[in-house]
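*Asks:* The transmembrane segment annotation in TrEMBL covers A:16-37, A:49-69, A:99-119, A:126-145, A:170-188, A:219-238, A:250-267, A:274-293, A:299-319.
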Amino acid sequence: MSLPPSAPGRPARSPLGWDATIIALVVLALGLGSRLSDAFLTGANLSNLSANLVEVALISLTMTLIIIAAEIDLSVASTLGVCSALLGVLWAAHVPMGLAILLTLGLGALAGFFNGWLVTRLGLPSLAVTIGTLALYRGLAYALLGDRAVADFPPFWTNLGFGLVPGTQIPIPLVAFVVLAVITAVALHATPFGRSLYAIGANEVAARFAGLRVERTKLLLFILSGLMSAFAAVVYTFRFSSARADNAAGLELSVIAAVLLGGVSIFGGRGSVVGVIAAVFLIGIIQNALTLADVPNEILTIVTGLLLILSVLGPNVAARLRAARQRRSNLTSPKGGAP
Amino acid sequence: MTGLSTSSTAVPGSANLLTRLFRAREASLILILLALIAVTAAVNPRFLSAQSLRDLALNVSIVALVVVGQTLVLLMRHVDLSVSSVLGLTAFLSGSLFVAHPGMPVWLAFLAGLGIGAVLGAVNGLLVAYGGVPALVATLGTLYVFRGLDYAVVHGGQITASNLPPAFSAFASGSVLGVPSLVLLVLAVMVGFGVYLRSYRSGREYYAVGSNVEAARLAGIDVDRRVLTGFVLSGAIAGLAGVLYLARFGTVDAAAGTGLELQVIAAAVVGGVAITGGVGTVAGAGIGALLLGVIGSALVALRAPAFWQQAIQGALLLLAISVDIVLARRAARRVQERSHR
């Protein structure tokens, strides 16, 4: 009903500038990709490209919300691992698939709740908590499944993982991502809930005095993050038709890299869903284009790292140069800069 | 959170009480450690055999060494995620020095490791101190960049023990009075930095910067230079750890040390180094690393089911972090109440 005005209430240094930059970079990467290889701008390749980044894309949505609220969740990949393991164990025990998926999502929500409970009730820093649960949840995945792999998932379900929407080249999981991305974007940018995340991230004490229920909101964010990781686990398991305890190990760093590259401030209070999605695709496009051009994988790792650093360093250096030029022009003009 | 970091600032007046508190905190960790060792040894006496203690010491000391540098950075309210990649890269590069120059003196490998590590650390330090890039972002970026460089340099190759001169490998197998020389070196570094952080002006600056950057700046501390130095030292120490890693394992490929950064941060946090800055000691961080190492090998000695070990380790890690932070906060509150009376 009463949506908060977006213009005056926006946090300082609106992320819009960065959104435009990163979308321009995506277009540039698409152009470069088509120059590097003829196979790049084909439906089949783009379809393959987006299928490969869908788990990172999914989890980066909830990670965006958490980092905007000035918290972090390092346990997402381990949550994915333990949920994938549970799905495999349940299926191997002949639990009907529908129920197995529901239980898996339930485990994800529970894992997220546990993180959120430790952060909000005990007041522990989320970085410390989720380093702990990163180890714990991955350990539970091994406890569930050991070094076995469950692979005999029914074709109907695995097809949902790696299949295409009939008549198109759009991977089915991408459709789910688009729906969830729209929901996240609307929730973050056009609802009081979304505005409250910016407020909490920008100044938690002020947010509390303004009557926001900080603890409840954060708890909800961690539950959503766990739930999203569980959903990504279902997608991952079906896409590779394999449930293993080490599924997606290390994915948390890719997710955080994408979110930060997307212009979300690690200190909270700033960022947008559009920028993050563009960043996820930027990394995916570069990865894919370089692979097609037979550029070795290690270069890609370096490019990802450099992009991440430059995304913050670039604007900082530009601002400093601008400030320096301002100062110099103040010094040269005799009337400027009265002390 | 704020209560934790403000109360821990080493204000001269309350320093005495606070040092006693932190002593108590380290003492409680040591108690947990001793209890764990006693129980494990009672169930499986072989846990205390010379061989098993040696292995434990060797495994812990590499993590404990990297934790020293991480402590410097964490004290200033920053973080260095790139240590694992620095370790991997220096391990391989110092190994390939031996391949290229088989007759190279051993000390040169150590020097190379320290130097390469310091340069990599300087990249982090410049980005954070002068580039205005938050440490988490900068070092996550360099974690990728350095690992990518590592893969590019290694190029599918590998260093094996046969490439290394015996005098170098002896560093991990040889010992002085029964203690492996590698462990002695790590202990020496820890003692050195422990004393430095406790008793030297520039050592205290790490605490000042982490407790309150503005106050530190107003007190005349060159914050940027301190941050840069911290990252350079963290890099150099991780580089040294890379050389020791090579000596210990003999075999190094491009994946060496992957994931070590989280182990290191976990050890520091368990050892009472606050990720909110300004609180912690090298001794505590070392005990944290030791505790995690002992938990790991105790689970093996107690014959915990293999696939449950990681879960139990994770649960204990989480417990250690939670208990430590909750106790520290309670202690801090008590100090505050007492000083208000």
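Cβ from N, Cα, C; glycine included.
Map the listed features onto the structure and describe their local environment.
*Replies:* Non-local neighbours of the transmembrane segment (A:99-119) in the same chain are 71, 73, 75, 79, 82-83, 86-87, 90-91, 125-126, 129-130, 133, 137, 218-231, 233-234; each lies 6+ residues outside the stretch with a CB under 8 Å from one of its CB atoms.
For the transmembrane segment (A:126-145), the list of distant contacts is 66, 71-75, 77-79, 81-82, 84-86, 88-89, 111, 114-115, 118-119, 222, 243-247, 249, 252: same-chain residues at least six beyond its ends, Cβ to Cβ under 8 Å.
Within the chain, the transmembrane segment (A:170-188) has long-range Cβ neighbours (under 8 A, six or more residues past its boundaries) at 47, 50-51, 54, 57-58, 61-62, 64-65, 68, 159-164, 194, 197, 228, 231, 235, 239, 272-274, 277.
Below 8 angstroms of C-beta separation, residues 15, 18-19, 22, 55-57, 59-60, 63-64, 67-68, 70, 72-78, 80, 134, 201, 275-280, 282-283, 304-305, 307-308, 311-312 of the same chain, each at least six residues beyond the ends of the transmembrane segment (A:250-267), sit close to that stretch.
Sequence-distant contacts of the transmembrane segment (A:274-293), counting only residues of its own chain at least 6 positions beyond either end whose CB sits under 8 Å from a CB of the stretch, comprise 15, 18-19, 22-23, 25-26, 29-30, 32-33, 36-37, 39-40, 45, 48-50, 52-53, 56-57, 60-61, 64, 181, 185, 254, 257-259, 261-264, 299-300, 303-304, 307.
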*Asks:* Any chance you could find the range in A:16-37, A:49-69, A:219-238 with the most Cβ pairs under 8 Å to the transmembrane segment (A:299-319)?
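*Replies:* Looking only at A:16-37, A:49-69, A:219-238, the most contacts with the transmembrane segment (A:299-319) come from A:16-37.
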*Asks:* Going along the chain, which residues at least six beyond the ends of the transmembrane segment (A:16-37) come within the CB cut-off of under 8 Å?
*Replies:* 261-263, 272, 274-275, 278-279, 281-282, 285-286, 288-290, 292-293, 311, 315
